[in-house]
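Heads up, the thing below is written out as structure tokens.
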Amino acid sequence: MFSRFARAFPKILASGASQRTFATVQKAFANPTSKKLIVGSSLLIGSAFATTSFVACENKSVPLVGLPGTNQERSFIAIKVSSTQRRLIGEIIARFEKKGFKLVGIKILVPTPEHAAKHYEDLNKKPFFNGLVKFFSSGAVVAMVFEGKDVVRTGRVLIGATDPSQSAPGTIRFDLCIETGRNIIHGSDSNESAAHEIALWFKEDEIANWVSTNPVYEKM
């Protein structure tokens, strides 16, 4: 049934009904009170199109920073300004979801220089630190938490080397970076870093502890 819907979807988009729907959404963005609802609805609809099953129930037993070494291990991933400016958000999220990792937290914000400095505090002695903070706080960043078995290590493999020119073909940085100094994405490099970064960017009530009805890692 889903495949039939997927084939029909382009026709639906081309129809007058879809145009009226998108026009309504466009008007709604003019109303500040509608923005949060529309952003949430867009994320929900995108996930529904991308998967054949959805949320079953809430799993309240997982702490904010996850459980390293288990199926509920968590990693912090940030899509940087250079990616949001190039409209690569969906492409990057898809890489993690196709690998079977579960998105449990997401927000879009422009970090303050203070927040950016705290995020990169382990690099504060480096000569490039001030430039890094300035760039990271210069525009919209998509902050995310992904959950799954070995997500920290595997996430780093998906991302590629810090220097995009040294990244392997097929990694996010090799495929999508166009400038070495702007490597488009950040990912936790250890369970300790993940715990620190998740707590820095997210509160308990901003994480959705949901359980998939078609689990990949839930029972492993």
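Along the chain as shown, the residues are counted starting at 1.
Cβ coordinates come from backbone N, Cα and C, glycine included.
According to Swiss-Prot, the protein has these features:
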ACT_SITE  H186  active site, pros-phosphohistidine intermediate
BINDING   K80, F128, R156, T162, R173, N183  ATP binding site
TRANSIT   1-57  transit peptide
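Feature map: annotations from Swiss-Prot on the structure.
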| residue | record | Cβ contacts under 8 Å, 6 or more apart |
| --- | --- | --- |
| K80 | ATP binding site | F135, F136, V141, R182, N183, I184, I185, H186 |
| F128 | ATP binding site | none |
| R156 | ATP binding site | G187, D189 |
| T162 | ATP binding site | N183 |
| R173 | ATP binding site | I159, G160, A161, P164, S167, N183, I184, I185 |
Simplified to three states, DSSP reports R156 (ATP binding site) as helix
K80, F128, R156, T162, R173, N183 bind ATP per the record; greatest CA separation between any two, in Å, is 22
Taking all protein chains shown into account, the Cβ-based neighbour count within 10 Å for N183 (ATP binding site) is 22
